Amino acid sequence: MSVRPQPHPVGPKPPFWRDRAKRALIFQVLLIAAVAAFLLYIIGNTQANLAARGITTGFGFLTNTAGFGIVQSLIDYSSQSTYGRTFVVGLLNTLLVSALGVLAATIIGFTVGIARLSPNWLIARLANAYIEIFRNIPLLLQIFFWYFAVLRTLPSARDSLSLGEVFFLNVRGLYLPEPLFESGFGLIPLTLGIAVAASIALVVWNKRRHEATGKRFPAGWFSLALILGLPLLVLVATGVPVTWDVPQLTGFNFRGGITIIPEFLALWLALSIYTASFIAEIVRSGIQAISHGQTEAAQALSLPRNLVLRLVVVPQAMRVIIPPLTSQYLNLIKNSSLATAIGYPDLVSVFAGTTLNQTGQAIEVIAMTMAVYLTISLLVSMFMNWFNARVALVER
Amino acid sequence: MTIQEKMLEARPAPKSTVGPVAWLRANLFSGPVNTVFTLLGLYLLYLLLTPTIQWAFINADWIGTSRDDCSREGACWVFVNARLGQFIYGLYPGSEIWRVNLTFATFAGLIAWLAIPRLPYKRWVAVATLVGFPVLAYFLLYGGHFGLRVVETHRWGGLMLTLVLAVVGMVGALPIGIMLALGRRSQMPIVKSFCVVFIEFWRGVPLITVLFMASVMLPLFMPTGVSVDRLIRAFIGITLFQSAYMAEVIRGGLQAIPRGQEEAAAALGMGYWKRMGLIVLPQALKMMIPGIVNTFISLFKDTTLVMIIGLFDLLGIVQAALSDSRWLGFALEGYVFAAFVFWVFCFSMSRYSQYLERKLHTGHKR
């Protein structure tokens, strides 16, 4: 006897709340409705509140005169400038302290991270102590420490600490000599450009030759010599067309030279030292993530130690290091907004602080400030995705 | 020819490879470069430690009541001593301080129960910590019921406020973070994109702008005439900010659970919430604890930012005490004390999370 396959019994259609597709649709429609209702409620309240306070919305205030000065500005700025210009000044100051902070944090972080792996017990312990101390203390506290406990207690201009009567450090900041370029100096950037172009050509040629013949040529050292040597040669040949404007004590203050305000110094020090402790941990774990088999295999090919590092360990470690490293850079940029606590004129301080208080345009100002940070983090994560796609292991 | 019939005793290792001298040679003086580094390190240590120890201990003043008692060159711990009550409890009324102590003793007990692996009933204690404790803390700290008098939030401050902010941010962010993480993995395109935008928005902006937003824009969003307590504004800002970071940690944990687990649960006829609540989340949450502890550490450090919107957390109250005209010039002592308190909390938490990571890894390490 054979069993005939019975056609599957078709029951009544399930109710719509048991149908997954319909349920998803209903759920999403409800979500949109809820979000829209929430937004409408908020917008309605905001309009009522703004009307009650007599605030007109819009970005017209950006062309009004700001009427306050800013202690540090990379572009021309005076109290006659507009609020739009304060925005740009603040943005540039944020970018300045972030860029220099990233640079210093990278140098300190890589040094400490490598020192942490040193076979020397004492050096490894010291590096570990640095990491554990600085990453477990709030950044704001570190900024206050450098600003109020260190830089604010420095002597006055008369009793400045000086280095060779050229660099001066006092309670008003750090004074550096400023180079003044005379005519004929234009040749030097030009030769620098030529040297860089020649080095790139050299490196490309070397790589092609290496791939074709297997012969190596120390292109790195030659490029370094070219980039440093050629402009230096021209500098000497043209009779050093640079004079230094050394700061001079006149009355109660210094004149001339470059002044670095203490707010900048405090913020920069704290940001670099704090972020460096995280970078050091990233570098350490990145190098440790390379399996021992890799180094052993490279040694078995009798590669010398420096080539093992350069060709085997570092390229693989960088793949592990760079993604968390960029997110630390992003953190540093966002943390630079703590400038407002000590009065360094960054974006949040001059725009979301002073400008907001003067104009009362809370929504526009906060939205613009947030948009800047969002743009930066979007750009960085785009770079990250590009980088990850480029270095990803080619798997089957 | 002799035949060895007995097993020979193992000989001691050569003198040059054991003992303190050998250790020194291997770890500190293994070559000329290493020797130079060791000496440099010792010199650096000497340069840093001698003035610090002299300042903080040998030349320091410990006992007294006013700045006149600080006659010596070193640190004036009298200042910290005199202000200790304020640094810990803010302006909380002296007769009510037992309420703060009781709240934090309860919290410490619950956390200790959760942290020690041997103790049973973990799930119930976790529920008590996340649901019961906040209610208890509200009644105890704010008062107004059961015969306790009301203590307005503007009197809260110091270490107590720091802890309250961190714990509220954490307890509030956990459920929102779980929902956001589940939403981000959802099949429904609108839910997914809503969660992605929400998470990336809060992760992309600095906490300080979030706090500014909470303090200046939140009053605009409320119906006219409704005012929100300043502390509540900070709570809202911190919770939203923290939930985005929490969502990413939870998403990482969810990704670590093999797909088969969810499929097996679906094969048993479980619905979405049963699959998540009974199968996936319990396994994932366990793996996420180190990540959650790490975000809690950064939240704990970030609570210092509330002083910028006018709340007096530990750092804020130290900063305020520094401008007291009776105690001018003791900035270093104040900061060192605050740094020490923060450091003890953060360091012990990070050690705990490292311990957990090691413990959790044993099963998975290949």
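The first residue you see is number 1, and the count goes up from there.
In case you wondered, yes, glycine gets a Cβ from its N, Cα and C as well.
What TrEMBL annotates here:
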type	residues	note
DOMAIN	A:91-384	domain 'ABC transmembrane type-1'
TRANSMEM	A:24-43	transmembrane segment
TRANSMEM	A:55-75	transmembrane segment
TRANSMEM	A:95-117	transmembrane segment
TRANSMEM	A:129-149	transmembrane segment
TRANSMEM	A:184-205	transmembrane segment
TRANSMEM	A:217-244	transmembrane segment
TRANSMEM	A:264-283	transmembrane segment
TRANSMEM	A:365-387	transmembrane segment
## Note on the structure
Across A:24-43, A:55-75, A:184-205, A:264-283, the most C-beta pairs under 8 Å with the transmembrane segment (A:217-244) come from A:184-205
### Message
Using a threshold of three or more Cβ pairs below 8 Å, and leaving out pairs closer than 6 in sequence, do the transmembrane segment (A:24-43) and the transmembrane segment (A:264-283) count as in contact?
### Response
no
### Summary
Sequence-distant residues near the transmembrane segment (A:24-43) by C-beta distance (under 8 Å, 6 or more away from its ends) are 16
